[in-house]
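Some features that TrEMBL has for this protein:
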type   : residues : note
DOMAIN : 530-622  : domain 'DYW'
REPEAT : 112-146  : repeat 'PPR'
REPEAT : 213-247  : repeat 'PPR'
REPEAT : 314-348  : repeat 'PPR'
REPEAT : 386-416  : repeat 'PPR'
REPEAT : 452-486  : repeat 'PPR'
Amino acid sequence: MIIRRRISTTLIPPLNQLFRRLHTLPNPNPIFSDYNNFSDAESSNNYHAYLSLLQSFVSRKAIGPGKQLHARLLLSNLGLDTVLATKLVNLYSVCNHLPYAHSLFDRIPKGNIFLWNILIRGYAWNGPFESAVSLYYQMLDHGLLPDNFTFPFVLKACSALSDIDNGREIHKLAVLTRWELDVFVAAGLIDMYSKCSSVIDARRLFDRILNRDVVLWNSMIAAYSQNGHPSEALSLFRKMALEGLKPSVATLVTVISASADAADLLRGREIHGFSWRMGFSSADKVNTALVDMYAKSGLVWLARVLFEKLVEKRVVSWNAMISGYAMHGHADEALALFDKLRKEAILLPDNITFVGVLSACSRAGLLHEGRRFFDSMLQDFSINPTVQHYTCMIDLLGHAGRLEEAHRLIKEMPMKPDSGVWGALLNGCKIHGDIELGEKALRELIELEPDDAGNYVILSNIYCQTRNWEEAAKIRKRMTDKGLKKAIACSWIEVKNKHHAFLVGDLSHPQSKEIYGELEILEGLMQQAGYVPDTMPVFHNVSDDEKRNMVRSHSERLAIAFGLISTPPGTKLMVKKNIRVCEDCHVAIKFISQIVNREIIIRDVNRYHHFKGGHCSCLDYW
């Protein structure tokens, strides 16, 4: 829907009255000392001096002296002079005093596009963003056409609102006015389409632009990265490098983050080396992104080495390291680092810090500590819990079997619970077999995410755990009727710089015969060591023999077997899986790690599992 209405603004008190006492007030601000030299407002020299002073105040964001000079201009009948007033509107805008800026804007002639751009920019930067869009349409009604400054400002507001309808209308006018291919306008359009999850439109525009600068490349790379396409972001970065463009810090931060999201350690290392060769070895923002990437890619120890070498450890740096420890289940290290942040750094933790801390507690089953940190947020740091913090607490309570307490906490939330909250409760119900509460959580999830097959699968699994095959079949039929399909389990392993993917029961790999032969040998050795297959994760009403055959060929086992026959003894293996590792595979991999005397790392959808010597870093709590 196109916003065309004028935003109502509360008018400020008459400035003539507000500042009439100017000469009776002391002047404590040295930045305004130059103003005391002016007394004759009608003087041409003074007029130019006022212009110079206002420009100085804008550059220094000196709002106090600016208000004083505004009062002087009003007393001298120059308060509504178009040129001076435009500079005052600019001052109030850059200082985020938008009611003053808008009130003055309403009182002066509006034939200058620069004046409109100033106020649109102010609202696009500081909100309310709807006001920027409304002003844009008022400007059109006033008979003015936008320029290459107007478009990026109003598109920024559309991005903040995820307002693709108005964004498309603005794009049409950019085409008609021939500003579409201006690099700044194009970057604004790409960002708008990205924030509205329309990456195809962003790429279509990107490909039409022949002379692309680094800002434009950054916008498109970020569009891929922010919309869950890290591989495409990395591919585009490679193309940018091949075209000879030097990346900026923003480029490197984005592609390193994309490597982290894809858990692509090989590509992340390549970018790390590339950044050093390009002269960014001492750029703390790049190194902080590397801390996050190495932590998410399994090398948490290397992340800590880089973290300690940071010249300036910002809160985001501490957050990356704490969250990295949490992801790997190293709760003690995460909480120790949080304690170090509080005692040694001249910084206060923020809400993201507490997400990491609560995640660490959740993944280690630290119920008492989790409750303490959750309460401490508001009491000690005046941080109001967000839905992310509640999700962590529901997950912690659910894993601990405190399902009713978790449900009560959901009811007490000051905001509407989202799918993450109800999903955490549903997962807790699955772990502890609570069908009644699980059904309630599923009803809430279906209302929020009617087309997410995973929610139905979890409830179906709860029924299967209790051997209620009839209800499980009803859930599957409901999925079929809605055209929903369960996500196919897939695992990946990288060997000799090449990725190998496996599905359950996969026979497509060229070395399938050797892979299954290795699995057969391992199973015999595992049984001798005391392994008994747990067929509970097979949620099908079939014979036990069939269930045993199904768990033997789970995708992560195939990936591990391939890694064992393709690498020298003692080599560490890392496998990525797109869903949660099942209980039987978790037990089996512990046995395998002991038999082959190797460290095996599994990154599933929730966390890292480090298997070594017959034990897992999660201590069987996940």
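Every residue, even glycine, has its Cβ placed from backbone N, Cα and C.
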Composition by DSSP (helix, strand, coil) of residues within the repeat 'PPR' (386-416):
23 helix, 0 strand, 8 coil
Using DSSP, how many residues of the domain 'DYW' (530-622) fall into helix, strand and coil, respectively?
35 helix, 16 strand, 42 coil
Sequence-remote contacts (6 or more beyond its ends) of the repeat 'PPR' (314-348), Cβ cut-off under 8 Å?
284, 288, 291-292, 294-296, 298, 300, 303-304, 307, 355-357, 359-361, 363-364, 366, 369, 381, 607-610, 617-619, 622
Helix, strand and coil counts within the repeat 'PPR' (314-348) (DSSP):
27 helix, 0 strand, 8 coil
Reported in the order helix, strand, coil, what are the DSSP residue counts of the repeat 'PPR' (452-486)?
27 helix, 0 strand, 8 coil
Averaged pLDDT, computed only over the residues in the domain 'DYW' (530-622):
83
